[in-house]
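> Here you go, one structure.
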Amino acid sequence: MDPHITEWLNLAIRWAHMVVGVAWIGASFYFNWLENNLNRVNPKTGLTGDLWAIHGGGIYHLEKYKLAPPSMPENLYWFKWEAYFTWITGMCLLFVVYYLNAELYLIAPGSGLDSTTAIALGLGVLITGWFVYDFLCDSALGKKPVLLAAILFFLLVGATYGLTQVFSGRGAYIHIGAIIGTIMVGNVFRVIMPAQRNLVKAIEENRAPDPALPAKGLLRSRHNNYLTLPVLFIMISNHFPSTYGSQYNWLILAGLAVFSILVRHYFNTRHGSQKYAWTVPIAALGMIALAFVTSPYGSQSSTVTSASTTEAASAGVSFDSVNTVIQERCSVCHSATPTHAAFKTAPAGVILDTADEIKINVPRIMAQAVQTKVMPLGNLTQMTDDERNLIGTWVEQGAVIQ
């Protein structure tokens, strides 16, 4: 596909994905907040509680019924399309970004996968992930929610580790996000919405609703609640190569998921008590610890003073030698006139044609080509470790343009 068309498809779909995703997650956050803030003291007959609020210059009075009002309203809004379109646009984005350019963004260098196999594997894990999750929730484990949650968490961590062996860090992360997103939307489509339809139908027919369906819906709804923050991180993770680019990327994602779940638990429970207030500082300390653990500086000295670069380091690395590497390995894409078929313009607007442009982008080059090695994409230009070390040595010596 023409790179210009691909870029605008990426823009349009990503924008739509963000808009509908904000609508879905915003509604979820709002109703969780509403449920936790209902005034349940001496409610009116038939009510669980109510809440008064002011927003946008208007005063609102919201009421929650124990089951239903005396007569069902003519218009009842169902919160479902936000979820469905978030998944649809997310899958479209997965195809446009990762599957149309699988060799660039999806496949790990040296994995031996071809594009077709990698795409089939990616789609396969999404389908398998949903069926495994659905089976476990409907099994006896569904009556042991804490044990079920622990098993699901470790299965996702295992899937992350497995995918990082064959996919790029970015590709692995986004597929874990897609697995989670598929689970969340599957919960809405297959469990939560049928439970709500059953409830409304039972009320209209003046009979007792099936109690099993709401119980299943509650379990799935809780899972969606706690999975929200991890999936939000994955959506923005491609901007942070120190996470997906690390050799411990699967553990980093697991840690970030734990911290976000802890924070979510605090916000879910803080209205009843401050019993779990400790989760927020623990999560903050965990984030700080991850920042130190993923820091490249502890190993940087050994990287740039390896035997292959000792001679260059002692003599001083010239800009000409660094420029030769950059023009050969990086400027295929990062140029005012890229020669790579997938790009009409330089990715992220990073151009490395001139000495001044290289100097301006030294921090990016160091972070992505030397420290995390996530560039070049898929290492299609075959940048060697010696070349990365050469650039690293040049930067350590002051990045002088001679």
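Cβ atoms are placed via backbone N, Cα and C, with glycine included.
TrEMBL lists these features:
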- 4-294: domain 'Urate oxidase N-terminal' (DOMAIN)
- 12-34: transmembrane segment (TRANSMEM)
- 81-100: transmembrane segment (TRANSMEM)
- 112-133: transmembrane segment (TRANSMEM)
- 145-167: transmembrane segment (TRANSMEM)
- 173-193: transmembrane segment (TRANSMEM)
- 248-267: transmembrane segment (TRANSMEM)
- 276-298: transmembrane segment (TRANSMEM)
> Based on Cβ pairs under 8 Å, which of the stretches 81-100, 112-133, 248-267, 276-298 lies most in contact with the transmembrane segment (12-34)?
81-100
> Is the count of Cβ pairs under 8 Å between the transmembrane segment (81-100) and the transmembrane segment (145-167), pairs 6 or more apart in sequence, 3 or more?
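Per Cβ check, the transmembrane segment (81-100) does not touch the transmembrane segment (145-167).
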> Considering only Cβ pairs within less than 8 angstroms, which of the stretches 145-167, 248-267, 276-298 has the most against the transmembrane segment (112-133)?
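Between the candidates 145-167, 248-267, 276-298, the best contact partner of the transmembrane segment (112-133) is 145-167.
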> Summarise the model's confidence over the domain 'Urate oxidase N-terminal' (4-294) as a mean pLDDT value.
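Taking every residue in the domain 'Urate oxidase N-terminal' (4-294) and averaging pLDDT yields 92.
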